[in-house]
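So the structure is just underneath, and the comments pick up after that.
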Amino acid sequence: MTQLSAAQTVQNRTSDGSKALYGGKGTRRITVRDIALAKERGEKWPMLTAYDAMTASVFDEAGIPVLLVGDSAGNCHLGYETTVPVTMDEMTMLSAAVVRGTQRALIVGDLPFGSYQEGPVQALRSATRLVKDAGVGAVKLEGGERSHEQIRLLVESGIPVMAHIGLTPQSVNAMGYRVQGRGEEAAQQLLRDAKAVQDAGAFAVVLELVPAELAAEVTRVLHIPTVGIGAGVECDAQVLVWTDMLGLTGGRVPKFVKKYGNLREVMGNAVKEFAEDVVGGAFPAEENSVH
Ligand code: KIV
């Protein structure tokens, strides 16, 4: 586990003496109950995507309490253009790796396109696979009112569900990548979607690309936490795609992304240095050789 400074430790203790989600020292896994308590305390928390064991272990050691094995793996890890082609086999393999690489974070596995749209029974079969074969603690699926029956059956079956409304990338062919919830009618629909997933038993809901004022209203109205991505500062939690926020993604990233690193440049420069050392005979040096 990460060593916290004294100041951080104080900051990460709450008034009732329990551990804050971010930076807490315990080694047991975060649960959905911990997430619910954080909302009661008014505590904000960070979430990142992860697609492999080694990267996930870095985020876990840094104290990120919730890691999402997002189907953004499609674009960010597997080389697809969208999330649409991602399969259950791929999500199961990636989720299992992230679970193996972590000790504390709650791991949420995304249900890919086509694995739950047929109905609740298909959703239960897919979610059960992620829980049993990969070991995730919760699953995520897209859709508000249209997915409430799936959410209800999973929750009744003992599988915690994170919902995802607003922009739902699996529907890119129908909705494109546009801000959702603009205008009175769309805002009312988003509120209905948020209430529907809460009523169905979701423990949290991702709000993607939603006007900040509307996301703030949803956050006030719901008793489950909202996880914003391009949804303003009032959400209870914030999630970013890790390759975007650490600057590994090539090309343009969405406006709502803040870059906290430039891994593409760092890695590119290191790899070029290695290549030049090999070509010039500087690697391996004597200390890198065995005799
Ligand atoms: O797949 C994903 O990474 C997501 C996040 C953007 C919320 O759904």
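Every residue gets a Cβ built from N, Cα and C, even glycine.
Record check: TrEMBL places ASP71, GLU142 at the Mg(2+) site, and the matching candidate among ASP52, ASP60, ASP89, ASP110 is ASP110. As stated in TrEMBL, the feature region 'Disordered' covers range 1-22 out of the listed 1-22, 111-132, 177-198. In the three-state DSSP scheme, SER72 (3-methyl-2-oxobutanoate binding site) is classed as coil.
Reduced to three states, the DSSP call for ASP110 (3-methyl-2-oxobutanoate binding site) is strand. When the recorded positions ASP71, ASP110, GLU208 are scored by other C-beta atoms within 10 Å, ASP71 scores highest. The maximal spread of the 3-methyl-2-oxobutanoate binding site, taken as the longest Cα to Cα distance among ASP71, SER72, ASP110, LYS140, is 12 Å.
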